[in-house]
Amino acid sequence: MLNKMDLCLFVFLLLPFVSSGSGDVYLITMEGEPVVSYMGGIDGFSATAEDSMEEMDITSESVTSYSLYLKRKHDELLNSLFEAKSYKKIYSYCHLLNGFSVHLTPEQAKALSKAPGVKYVEKDGKVRKLTTHTPQFLGLPTGVWPTGGGFDKAGEDVVIGLIDSGVFPKHPSFATYNTDPYGPLPRYRGKCEIDPETKRSFCNGKIIGAQHFAKAAIAAGAFNPAVDFPSPLDGDGHGTHTAAIAAGNNGIPVRMHGHEFGKASGMAPRARIAIYKVLYRLFGGYVSDVVAAIDQAVQDGVDVINLSVGPNSPPSTTKTTFLNPFDAALLSAVKAGVFVAQAAGNGGPFPKTLVSFSPWITTVAAAVDDRRYKNHITLGNGRILPGLGLSPATHANKSFDLVSVSDALLDSSVMKYNPLDCQRPELLNKNLVEGKILLCGYSFNFVSGTASIRKVCETAKILGAAGFVVAVESSYPGTKYDPVPVALPGILITDVSQTKVLIDYYNSSTKRDWAGRPTGFQATASIADGLAPILHNSAPQVALFSSRGPDVKDFSFEDADVLKPDILAPGSLIWAAWSPNGTDEANYEGEGFAMVSGTSMATPHIAGIAALMKQKYPHWSPAAIKSALMTTANTMDRAGRPLQAQQYSDTQMMTLSPATPFDYGSAYVDYINFLCSIPGVDPHEVSSITSSQCNATHGKPSDLNTPSITISRLVGTQTVKRTVTNVAETETYVLSTRMSPEIALEANPPAMTILAGSSKEISVSLTVRSVTGRYSFGEILMKGNRGHLVRIPVVAMGYSS
């Protein structure tokens, strides 16, 4: 039998041997408080926790020494277990988490998980991005900006941290030459990296910080510096776009192909931008790098974090969705007073597709706003076919002959190059195409991203065509067709039945010889002007792609008593700045602006609006800002009708159906109580991730004082309470309820007067009337005598006792 000393010696001798193979990056959580919550107790190290990050001096001796102490403990642990060259520590996390990330073999990770002081070991995972007119649509120029001193002061001295793919700093949306000078902001302590090519700083006052995080990606062997830019420079386009939506300069002309599509502005055009690059062209990003960026952003002193990124799926290594290093870091960020907005995900319209889970995060769904770009083509027989195309009209509105790409091939041997999607002009006969409208097919290459409308336009231009048509002959379920700005007259016909009309007309009008070769092109058409948008009163609608609830509490996708998403914002066809280096959208390569869609685009709208609220109410907590946003959000469209959500029909066609809170959507100790109240949760897991203990009495998840109520399993009657705080002048509110008939909803008291700055409690009872096997939706409305309307969404599913 081995004694304890022999066993220890055996382990130390084994680990260098097993560490020689290939490994992975792991995130490790350690015992002991991080800087943000350390209350003292270790000899020689005074407390570092403060009520807010504004009160914490990160340069103080106490913070510096305690941070170094934690890093030293991380290093000592690794050095005690492994040979020096058998592992590579990547980051030490000290401010929001006490832990580190390290490159290890699976055997080393297993050994580390058993070491004293180690709480949690998780293999690193990947994250991905969740890919002008909207300030007017949201009413900011006339409603919000004037209260902050106008657009030239909207967001003044508020810092938005963008954790994304970097920025193109030379873009006019971030320029300072036409604005009042940006003075120093001493409370922001972030650094500015130097561009390795130009040797100039990425910062200019508007951009106040710029850093990149790629150590985990490098350790994993995924990073290619020749492609991914080892700097904050945006090689994708996504980060530049989200930064401009949140805080881009006001009144920037959006010009492409000689046409101005309007003027762009960020939600908080005077706010400062701090860039934390974690996403890269080839592979997306890694959680270890994102956690490091979050930790650094809070340490630097940002007010708002915008996360247009998310994990590929719910975490599988924790029993509870909310208990993972990513969400734990964001919980500490909220504790430090930082508002966090995260994209809901683009897995809609299917349920349980969210990639943002926790109640302390503001999860943003995407809406279609009131602007649509439509176009049409008129055939020589008088038929008018609708389609999409941000293009000029054919010259002088004249009709031109149509020529199919299949009739313009140089010879049949080029079929091996898949020429029907018009991506390669060298495969086509210029003499046949010149002066005609080129008719192209829509192959799966467009869906996969290897073909683009932009390239079709380039082909048509090289061949001297008068315009082009791209026609969808076979539907691809889930495909999202967006209008693309082009320099030539062009249109995309997305309806397969309309494509059949076009092809039948072309075939019946084209003369052919005995071998089927064309001898005369008599089919004609003209393309209308599609440059001007059409405004609709049916906006907003929940976008088809926007991920839907209900929220899930674990990897088995069991429902959680948390309403997600939290709020809806414009996220479809959003014009904003783009990086000319960007490769994320083939249709916008080399351009300075792009019109793209995704909950990625919706999230910076909320981040920017949160910055405006932080400017007006600097001492509001993140929970207060979130509550104000959620309880005052509108659930009607511009025509006063209930919101609609885009869905798929049984035949995979896009339809509209009534939207539910699953479509559109507190104090730190309250969040801990929430985690402890989740049925089946392991209290040790809560403690491992949050460094906080569960009390003996912790209630139910629905007791969390959020501006919504969700009960995923309602049996009989359940009563929950909500505390509301009046941040305005004294006001009297009358309460009313609306609920699906299968659930009875009652709120008391029926009326109450809340003094300025005071709080009152509402008691809400839900009772099962009938069991339907589906969720029921309702709301509590508080109508004030000063004109304020507060809305609390209610969601429940009834079960028999």
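Using the three backbone atoms N, Cα and C, a Cβ is placed for every residue, glycine included.
Note: TrEMBL annotation is automatic and uncurated.
Keep in mind it's a predicted model, so treat the numbers as computed, not measured.
These come from TrEMBL:
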ACT_SITE  Asp164  active site, charge relay system
ACT_SITE  His238  active site, charge relay system
ACT_SITE  Ser600  active site, charge relay system
DOMAIN    71-128  domain 'Inhibitor I9'
DOMAIN    155-636  domain 'Peptidase S8/S53'
DOMAIN    703-795  domain 'Subtilisin-like protease fibronectin type-III'
SIGNAL    1-20  signal peptide
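Each residue contributes its Cα atom, and for His238 (active site, charge relay system) and Asp164 (active site, charge relay system) those atoms are 7 Å apart.
Across the domain 'Inhibitor I9' (71-128), the model assigns an average pLDDT of 92. It is 10 Å from the Cα atom of Asp164 (active site, charge relay system) to that of Ser600 (active site, charge relay system). Residue density at Ser600 (active site, charge relay system): 31 other Cβ atoms are found within 10 A of its Cβ, drawing on all protein chains shown. Applying DSSP to the domain 'Inhibitor I9' (71-128) sorts its residues as follows: 22 helix, 21 strand, 15 coil.
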